[in-house]
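One structure is given here, and the rest of the page talks about it.
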Amino acid sequence: MPAIAIVGAQWGDEGKGKATDLLGGRVDYVVKPNGGNNAGHTVVVNGEKFELKLLPAGILSPNAVPVIGNGVVVNLEALFEEIDGLESRGHSCEHLKISANAHLVAPYHQTMDKVTERFLGQRAIGTTGRGIGPTYMDKVARLGIRVQDIFDESILRQKIEGALRQKNELLVKLYNRRAVTVDEIAEYFLGYADRLRPMVVDSVNLLNDALDEGKVVLMEGGQATYLDVDHGTYPFVTSSNPTAGGAAVGAGIGPTRFSRTIGIVKAYTTRVGAGPFPTELFDEMGEQLRTTGGEFGVNTGRPRRTGWYDAVMAHYAARINGFTDYFLTKLDVLTGIEKIPVCVAYEVDGVRHDRMPMTQTEFHHAKPVYELFDGWTEDISGARAFTDLPLNAQHYVEALEKLSGCRISAIGVGPGRDQVVQVRDLIQD
């Protein structure tokens with residue numbers, strides 16, 4: 001059975017955890033291929049809310065093996081806090097597997113992240129301050145520390161020493177902070193070695209063997225398309241590639257092994273942090289979407305910026321990722337709105353653009369061109385078939401499907417794991 005990828009189509013917080021949880025009972029492996037504990041997702045099981053960051057949502061599916069892939073950057077302190085939190089609520093994490101090649105977030109990465117943001121002032125990106133960007137920087141600069149390194153103290157110390165030559169120069173001379181010692185960082189990592197060891201695997205062979213055996217492997221992407229370092233709203237992006245191509249790299253699975261690539265997209269749009277946002281709302285309607293949709297960061301509690309659905313972005317995301325299906329989430333949040341605007345094009349300096357502008361400068365100046373759709377007042381939280389939805393809700397979904405260039409195969413109508421309208425099967429056609 002080929003692999004399946006789940007990818008955010010906007011700026012994150014689209015409901016990827018809900019999609020993973022929906023499919024979790026039917027897959028054998030759930031893989032987190034990228035990111036770190038900088039992005040969270042919420043899953044509701046039997047009315048109980050779980051907020052996950054490093055752990056894949058598949059950790060809550062007893063029949064699926066959760067895997068943290070080689071493309072993830074792992075904060076060990078945060079990882080074990082999350083594990084302990086789940087286990088205290090009766091959910092075992094003994095089946096968790098972690099790639100030996102995943103990179104580790106060191107305490108100095110978090111320090112660098114925070115002081116750099118302060119140093120940038122008004123030009124700050126708006127990171128979570130959890131050290132994700134600096135960890136990826138070290139990975140690319142070949143100064144990183146990987147999971148496998150903490151099981152050999154001599155190698156670990158050599159790598160820490162190499163990294164600190166650069167870090168201490170910056171911390172002391174540029175940021176006026178104290179120097180970090182090899183001993184304190186080594187002690188930090190070694191303190192987790194014994195507990196971590198049973199979880200560590202060769203994830204590439206594990207997952208490819210599973211595919212060879214006909215197992216279903218689900219990639220649960222973090223962040224989203226427009227936070228991708230190559231395809232997102234640069235420089236207001238993350239440090240990895242949370243697109244479908246990045247999922248393949250972050251799990252060590254070849255692109256030809258994917259049968260479905262599912263884009264997760266909200267029925268409206270949200271964003272956290274700085275950066276352009278053409279459909280952003282600054283009025284009472286923006287606050288209504290934020291309040292009704294519970295649009296506050298899982299990690300930071302920061303209120304999310306809110307706006308209308310952007311079909312231009314959705315169409316471009318479908319192209320970048322090669323989406324086979326869209327999973328439309330939070331349609332219920334729009335209930336009660338008389339007229340629902342959808343962005344169908346942009347106007348930049350008086351010129352209409354039906355596609356994404358080529359440059360970020362143009363996108364930053366883009367003004368949305370809206371088409372209005374009639375809303376509905378009926379409660380849709382109990383809908384389970386497409387025909388259960390009010391006609392105006394059906395028309396809205398059909399319009400988004402046409403404008404976004406990708407079929408909508410599932411629709412979220414509430415926070416519960418079962419509050420989904422499945423138009424077609426997401427694993428098998």
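FYI, residue positions are counted from 1 along the chain as it appears here.
Placement of Cβ uses the backbone N, Cα and C atoms for every residue, glycine included.
Going through Q158, Q223, Q288 against Swiss-Prot, the one listed in the IMP site together with D13, E14, G15, K16, N38, A39, G40, H41, T128, R142, T238, R302 turns out to be Q223. Site extent for IMP: among the recorded binding residues D13, E14, G15, K16, N38, A39, G40, H41, T128, R142, Q223, T238, R302, the largest C-alpha separation is 34 Å. Per Cα geometry, G301 is the residue among the recorded positions D13, K18, T42, G301 nearest to T128 (IMP binding site).
According to DSSP, H41 (active site, proton donor) is assigned to a strand segment. Comparing Cα positions, R304 (substrate binding site) lies closest to G12 out of the recorded positions G12, H41, V413.
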